[in-house]
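Novice: Starting off with a structure, shown below.
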């Protein structure tokens, strides 16, 4: 069924919309819109204007929605924003095809933004995003704990990908050539590490996803990596991650172990260091009240 909120520049037949129903379904449960708000905040500096901001926001929103369809399959997730994941309704084959279909529809939109660099930027960041996702999956599926630095490098590739893409597309249409990459990558790092913490401690997250979902997925998140590295002679957390358990009592034991190693406090300290670094960069770049307000709202949400 065609959704009035779903628009692509490529001319789709009315019947084509049944092919992207998994994508339409996931778009019905919109997130907090942080990435779109981030693009708008950078336009405070870049002065591109509302029309181009909206066009680029549609690219980021479309790419993000399609990537979530694939992520949920790769992570064997059950819920997304409190609703059944798309592939549990439409099946894995159609969901994969729908996501890939949307990737190319979004690439077509990039091609029509009006700057030849836009498509190149899109491809470069999609390569980096998939590289990061690949490492994340490799570590999980081989039960191999990365170092903290390896994890942060992966986050720069994966989570930083959509953040950088939005900034780079916006800057392609701006006369402002100031380098904001370090700032946007630090924002991506803050966003991901904070999400890692929320996954383990947030009541809201547990209601919309599940209790300690990263443990059930066998995922190596920032606090989990710290807890593993805190005692190389104790392999219990690695063993639990390898099981990809749904057993709440086992996950509660894992969480208590993570707490006992001071990993949640360590993660909070890392977030505070990142926050101060981000604020300093914003001020050094001339200030940005919209971005500062966005940081404040991010800091105070979902925990």
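Any Cβ shown, glycine's included, is placed from N, Cα and C.
So Swiss-Prot lists the following for this protein:
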| type | residues | note |
| --- | --- | --- |
| BINDING | 32, 35, 64, 81 | isopentenyl diphosphate binding site |
| BINDING | 71, 75 | Mg(2+) 2 binding site |
| BINDING | 71, 75 | Mg(2+) 1 binding site |
| BINDING | 80, 158, 159, 192, 209, 219 | dimethylallyl diphosphate binding site |
Novice: What does the structure give for the C-alpha distance between residue 159 (dimethylallyl diphosphate binding site) and residue 64 (isopentenyl diphosphate binding site)? Integer Å is fine.
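Specialist: It is 10 Å, counting Cα to Cα.
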Novice: Out of 35, 64, 71, 75, 81, give those binding-site residues positioned within 10 angstroms of residue 219 (dimethylallyl diphosphate binding site), comparing C-alpha atoms, in sequence order.
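Specialist: 75, listed in sequence order.
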Novice: Sort the binding-site residues 75, 80, 192 by C-alpha distance from residue 35 (isopentenyl diphosphate binding site) and give me just the closest.
Specialist: 192
Novice: Pop the Cα-Cα gap between residue 75 (Mg(2+) 2 binding site) and residue 81 (isopentenyl diphosphate binding site) into the table, whole Å please.
Specialist: 15
Novice: Determine, from DSSP, whether residue 75 (Mg(2+) 2 binding site) sits in helix, strand or coil.
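Specialist: The residue in question, residue 75 (Mg(2+) 2 binding site), is coil (DSSP, three-state).
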Novice: Through the lens of DSSP with three states only, how would you label residue 81 (isopentenyl diphosphate binding site)?
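Specialist: DSSP assigns residue 81 (isopentenyl diphosphate binding site) to coil.
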Novice: Using the structure shown, find which entry in 35, 81, 158, 219 (the binding-site residues) has the sparsest Cβ neighbourhood within 10 Å.
Specialist: 81
